[in-house]
C-alpha cells in the first residue's frame, strides 16, 4: 500500500479525531461526549448525505449506470451473509453465526461517509446514487440472516420469529427511514434545494463528522478490552472478510464498468459491517446469539480497521485496475 495514501487518510482531521477518541480510552482520560449529542451528530450526517445524494441523483437522472449500481448493491447484500454464515459455522453455533453474518452483510454509513471525505480530499467524486445503494444494502442482510436461522436452527416452539416486527425493524428503522426520506427530498428539490441547505449540511459537514468520529473512537476504545473474549478466529474474520468483500466488490465493479469513484465507494459498502441497525434487529430476533461477539467485532475490529487502513488499502486496489 502506498505510504502517501495511508498518511493522507490518517492525517485527515476526522480520522485523527477518531484516533484521539480511541487514545483517550487507552490512556484512561475522562473524555466523554455528552450522550444526546452523538445521536444528533448521527442524524445530521444521515440527513446531509441523503440530501446531497438526492441532489446529485437529480443531476444524473435514473440511468443505466444507476440501475447497474443498485443491482450490484442488492446482489452483495444477499450473497455476503450467506457465504459468511457458512464460514462462521466452521467454529460457531447457528445463532452466533447468523448474527455475525447478518452484521457483515449490512453496511456502516459512517465508514461510507468517511471514505467519501477521503475521496474528496483526493479531488475525486462519486455518483449521488451511491447513497441509494448504501440504503439498499442496509436491511436485506437481516432478512437473509433470519431465513438462514429458520433453515438451520432447531429452536423450541416458544422461539418463533415475529416476521412482521423483523420487516419493520429492517426497512423502517430510523437510519433507513431518514436516508430514504432525505434522498427523495434532495431529488425533488434539486439544485435550488441543495443551495438552500448547503450552509448547514455542506459547509459544516466535515466538522460534524469529526465530532461524531471522536465519539466513535471513545465507543470503540471501550470495546477493545472485549476483543480477547472474541478469539483469534473471529478477530481474523473481522479483518480478512472485509478485505475479501472489498475485492469481490471491486471485481464486480470492474466487470460492470463502474467509474473509479463509484467503484471505490461500492467496495467500501461491501467491506463495512453494521454496528447499529443489524445488532438491534439481532437482539430482538436472535436472543440466543451473544451481542458481545457481533457488536465487538463490528465496532472494535472492523470499523477501526476500515477507518485507518481499509479505506486507503481499497483505494490502492482500485488504482491498480482503474489507473
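Cβ coordinates are placed from backbone N, Cα and C, and glycine is handled just like the others.
Please treat TrEMBL annotations as automatic predictions, because they have not gone through curation.
Annotated features in TrEMBL:
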- 6-27: transmembrane segment (TRANSMEM)
- 39-55: transmembrane segment (TRANSMEM)
- 67-88: transmembrane segment (TRANSMEM)
- 95-119: transmembrane segment (TRANSMEM)
- 131-151: transmembrane segment (TRANSMEM)
- 171-188: transmembrane segment (TRANSMEM)
- 200-220: transmembrane segment (TRANSMEM)
- 232-257: transmembrane segment (TRANSMEM)
- 263-281: transmembrane segment (TRANSMEM)
- 293-317: transmembrane segment (TRANSMEM)
Are there 3 or more C-beta pairs under 8 Å linking the transmembrane segment (293-317) with the transmembrane segment (232-257), counting only pairs at least 6 apart in sequence?
yes
Do at least three CB pairs under 8 A connect the transmembrane segment (293-317) and the transmembrane segment (39-55), leaving out pairs fewer than 6 apart in sequence?
no
Stretch in 67-88, 131-151, 200-220, 263-281 most in contact with the transmembrane segment (171-188), if contact is a CB pair under 8 A:
131-151
Before we move on, state whether the transmembrane segment (6-27) and the transmembrane segment (200-220) share at least 3 Cβ pairs under 8 Å, counting only pairs 6 or more apart in sequence.
yes
Might you confirm whether the transmembrane segment (293-317) is in contact with the transmembrane segment (67-88), defined here as three or more C-beta pairs under 8 A between residues 6 or more apart in sequence?
no
